[in-house]
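Taken straight from TrEMBL:
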type	residues	note
BINDING	His450, His455, Glu508	Zn(2+) binding site
ACT_SITE	Glu451	active site
Amino acid sequence: MSDQSQYVLPTDSPVALLDCKAAFGLLTDREKLYAHYLSQASWYGGLIVLLQTSPESPGIFVLLQKLFQAQSPKHLEQAATAAPDGPSEEEFQALMVYAAGFYSNMGNYKSFGDTKFIPGLPVEKFKAAVWSSAAYTADPAGTEKLWTAVSGPLYSLTNREKQLGLGDKGITTYFSQNCDLKDAEIAQKFLDEQKISPYNTRLFKTTEGYEVRLASSATSESAVEGMKDDVQFPSGQIDGANFTVKRGDYALLMEKVVHNLKLAKSYAANPSEEKMLTEYARSFTIGSIDAHKDGSRHWIQDKGPIVESYIGFIESYRDPFGVRGEFEGFVAMVNKQMSAKFASLVGAAEDLLPLLPWPAEYEKDRFLRPDFTSLDILTFGGSGIPAGINIPNYDDIRQSEGFKNVSLGNVLNAQYASDSPDKVTFLGPKDREIFMKYKVPSFEVQVGLHELLGHGSGKLFKKEADGTFNFDTENVKHTETGEKISSWYQAGETWDSKFPVISSSYEECRAECVGIYLSPNPQVLKIFGHEGQEAEDIMYINWLNMVRAGVVALEFYTPQTAAWRQAHMWARFVILQVLLEAGEDFVTVTQTQGQDGKPDIMITMDRSKILTVGKPAIGVFLRKLQVYKSTADYPSAKAMYDKYSLVSEEGSHKWLTLRDVVLARKQPRKMFVQVNTTVKDNKVDMQEYEATTAGLIQSFADRFPKEAGVEKIVAELWEKDRPYFS
């Protein structure tokens, strides 16, 4: 048994409020109603993540809601600590941190790192707290039944349960328990053949064959009244296996999402928003990704809205096969001051793109000027909150129609503004001082470049269904071989399906490389208001932060399965390897002894060599990343990426030993408390909560009031899934 403390959230885990009061206060009544109903859709949809994370997550959610709707955290603490065999105050705090962590991640696996976390108090103390609760007093039989169902998996830590993964490598609910990688590959063949997008699907293997479930509020296979049904339901065979496609996954939650989108539509600001919401509602009703794409097209056209939002099955980081989207929905207000800087970056994009290290033929035929705004998040429903987003993720739309970038300003501020210097590990005192001073502005620069010119750059070479190519097959040459291009995407193939497992991390790596590659550019730094020595320091901290993140990334690697559990951190470790390989003592990573006498790590970077050693090394690597992506050359991409992803004890750096040091000194991630909105007499009120575990828990108890019937819905969906995971 490994050290269990790695799987417990520390009781001093920091909690921060996502402050959006000022931005929300500037909205008109109509805009507030629009934001409220979109928020409701996002929160109800976010509950789908429970069913996408682990078999027990829905049951744990129902238990926690039952406890904290019956009484406040404070009153439960009084009852629990007063019980004869109840938890101590410290143990009760561990229960509170567990509950807050569960709500923050929308499940019992970390959204950033995909490892399981368990309560930091003994199981009998947790049970005593439940038995002392008002919920138990009101419904002893129901509460006991719930506890019996979840208490085992709540604490269980077998090797397979320690992380998300497929087959014997981990836990997933995107696939029934009896599926492995081979099943995922066969299913992908079927989906490709039938031209069904995997984004909103799950796969269940039964005695009859495979069942592909589409997320939709409609459960019948017949057409939905008043809607053109563009989702056919093929059944078929691939490699001798039978497949059927069924609607209605998460139906009861999808219904609530659709209902609130329709309410929001009444308060839309323009026809683009109305059409967007119509298509989203259609997508979520009949399970059509094509309808979601149409909604996304209208969303791209909705330039500079006051209230910005996006919703659906978006990021594929947590599907072990890397193609199924996790549900998320966000609603936010535009921060005009910071958005002006991003707009200037968009304006400069056509000057900056040619500076990237690949020939013009590998760039999109024309740069589709996106909206790039800084947002203050009102609502983020899902498993975790990023700092920046480039969407939609549909490559066919991004390549030819456009995309939007958003930077989440109040998330950045809450995440980084209040850290103390002692939380910054593995840097010397001087570096730590500059790091503390410039990490927020340097991260703003990196997010801007990463989202706009990272995810927004590069062309995919395609052969269309009619046999034509979107590039000059005679004259475009492969940068690494000098030969004509010999591989490309066939009609219907996507980047995700062509590059399974590595696609998310590889693309994040490409975007991160674009960020550091362009960050020394004086024009870029000036756009963000930085010149002279300050600009030099910000550029240095951006590079140093990337290298430090590459070391910290070791926390997100599992030696037992030789697997990386977080796309961005995996990418940063790869970048660290590229910079170490560049040599000339540009970057050093050394094991040392800390002031506390325990093993430590010291990272140094020779800032005078960023332009002469660092940038050229990243340039060569970035060119290869792009060329292999453009030419759909998965074998070359995977060979290169695997080489830099290797974590071993061989060579000059003993990475597994260093990983132990990283784990011993890891810092807990911040949890965010979000506001709630309610409507009374057609007026929207906003409720803020204190930045504590109790405030976070109370926000969830209030968010889904008992009369909404959410616990009943989640319990019903949980019961329906359970036979596939036992």
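The backbone N, Cα and C atoms fix where each Cβ goes, and this holds for glycine too.
Those TrEMBL annotations? Automatic predictions, nothing curated.
Positions of TrEMBL features highlighted on the structure.
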residue : record              : Cβ contacts under 8 Å, 6 or more apart
His450  : Zn(2+) binding site : Gly388, Ala511, Glu512, Val514, Gly515
Glu451  : active site         : Phe372, Gly388, Ile389, Asn390, Asn405, Val406, Ser407, Ala511
His455  : Zn(2+) binding site : Asn390, Arg398, Phe403, Asn405, Glu507, Ala511
Glu508  : Zn(2+) binding site : Ala567, His568, Trp570, Ala571
Residues sitting within 8 A of the centre of the His450, His455, Glu508 CB atoms (Zn(2+) site), not counting those, run Asn390, Glu451, Gly454, Glu507, Arg510, Ala511, Glu512, Val514, Gly515
